[in-house]
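J.: Before I ask anything, here is the structure I am working with.
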Amino acid sequence: MSVTVTPYDSIPFPDELVALAERSRAADGEPPFSDQTLVDIRSGRAGATCVAATDGDELVGAAVVVPQQDAASTFTVELTVAPGHRDQGVATAIAGQLRAMVDGTVEAWAHGDQPASRRLAELYGLTAVRDLLQLKRTVSGAQDIPLEVSLPQGVRIRPFEVGRDEQAWLHVNSRAFAQHPEQGRITLGDLQEREGQSWFDPRGFLLAVSEQDPDRVLGFHWTKVHPGSGDSPALGEVYAVGVDPEQQGSGLGRALTAAGINHLAQEGLCEVMLYVDADNSAAMALYESLGFERWHVDVMYRS
């Protein structure tokens, strides 16, 4: 094996990067890149760069570096190595190139709290600063399904309509996630890119709206279905739940969460998962009360 590691000042081969990510996901059961990173790869986002490891003509490892919109000189980094090239120093070589090319603060995600990730972070002086938990629950055959959906007075739920609801959703999303480092900075372009993905289904993108003004979005539950692969069945996801701050305390968040879970159960999914920050005690209490249990953790390391 002769692996070459090369830094690039752009994303010159998006299709190969997405294919590499899929190989890693199939082997690990978890995606190595976030949805936002995949959006940035496919769109060729300005400022996004990468380090690529190749064995001949084959892409066998890569790190993607994306500048954060709301933090000057801070970069999100995600790295993966093809299953057949692991434990051979490829990740260390990629990280060495990253250290030389990134001038600023690095926030590197390790999808799965693995010993190899911890060793690599320690080697390059990164400190764990954030735990993102994955929770799961069974819905197929569960006695509590369908969950009770108790909406505040004057509110109803309808599906998202492409071409109608983008701006209203962006408004409530930015308000609901004003303090969230990823979700709150989604742009119209990011949303439209997701609308073009094969997994996007507006029927599972639930909006809570005013009965008097159905274009006024008060909250939402965006669900997602991960297709099955091999022996692994399809998996539902509570992709994002948000409520306008004016509606907090009304029970709308719980009602939307329950409605989305019911939708996924009706679609025939056996399990539903979600991500939540470990220090978000209010959200943890809600999800645990709805039957979710801890399953997996992603760790952010910072320089």
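Each Cβ is built from the backbone N, Cα and C atoms, and glycine gets one as well.
Just lifted these from Swiss-Prot, have a look:
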type	residues	note
DOMAIN	3-152	domain 'N-acetyltransferase 1'
BINDING	Leu79, Thr80, Val81	acetyl-CoA 1 binding site
DOMAIN	155-303	domain 'N-acetyltransferase 2'
BINDING	Val241, Gly242, Val243, Gln248, Gly249, Ser250, Gly251, Leu252, Gly253, Arg254	acetyl-CoA 2 binding site
J.: Could you state the whole-number distance in Å separating the C-alpha atoms of Gly249 (acetyl-CoA 2 binding site) and Leu79 (acetyl-CoA 1 binding site)?
T.: 39
J.: Given Val81 (acetyl-CoA 1 binding site) and Val241 (acetyl-CoA 2 binding site), what distance in Å do their CA atoms have, once rounded to a whole number?
T.: 32
J.: What count of other C-beta atoms do you get within 10 angstroms of the C-beta of Val241 (acetyl-CoA 2 binding site), across all chains shown?
T.: 24
J.: Would you kindly give the Cα-Cα distance separating Gly253 (acetyl-CoA 2 binding site) and Leu79 (acetyl-CoA 1 binding site), rounded to the nearest Å?
T.: 34
J.: Do you know which of the binding-site residues Gly249, Gly251, Gly253 has the most other C-beta atoms within 10 angstroms of its C-beta?
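T.: When each Cβ's neighbours within 10 Å are tallied, Gly253 tops the list.
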J.: What other residues of the same chain, not counting Val241, Gly242, Val243, Gln248, Gly249, Ser250, Gly251, Leu252, Gly253, Arg254, have a CB atom within 8 A of the CB centroid of the acetyl-CoA 2 site?
T.: Gly219, Gln247, Ala255, Leu256
J.: How far is it from Gly253 (acetyl-CoA 2 binding site) to Thr80 (acetyl-CoA 1 binding site), counting Cα to Cα, in Å?
T.: 35
J.: Helix, strand or coil: which one is Gly251 (acetyl-CoA 2 binding site) in, per DSSP?
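T.: Assignment for Gly251 (acetyl-CoA 2 binding site) reads coil.
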J.: Report the same-chain neighbours of Thr80 (acetyl-CoA 1 binding site): residues 6+ apart in sequence with Cβ closer than 8 Å to its Cβ, ordered by sequence.
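T.: The list for Thr80 (acetyl-CoA 1 binding site) reads Leu20, Ala21, Ser24, Pro32, Phe33, Gly61, Ala62, Ala63, given in order along the sequence.
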J.: Give me the mean pLDDT over the domain 'N-acetyltransferase 1' (3-152), rounded to a whole number.
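T.: PLDDT averaged over the stretch: 92.
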J.: If you skip the near sequence neighbours and keep only those at least six away, which residues in the chain come within under 8 angstroms of Val243 (acetyl-CoA 2 binding site), Cβ to Cβ?
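T.: Listed in sequence order: Val172, Ala176, Ala208, Leu218, Gly219, Ser250, Leu252, Gly253, Leu256.
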J.: How many of the residues that make up the domain 'N-acetyltransferase 2' (155-303) does DSSP mark as helix, as strand and as coil?
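T.: Split into helix, strand and coil, the domain 'N-acetyltransferase 2' (155-303) gives 52 helix, 49 strand, 48 coil.
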J.: With a radius of 8 angstroms around the mean position of the C-beta atoms of Leu79, Thr80, Val81, what other residues of the same chain does the acetyl-CoA 1 site pick up?
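T.: Everything else in range on the chain: Ser24, Pro32, Gly61, Ala62, Ala63, Glu78, Ala82, Val90, Ala91, Ile94.
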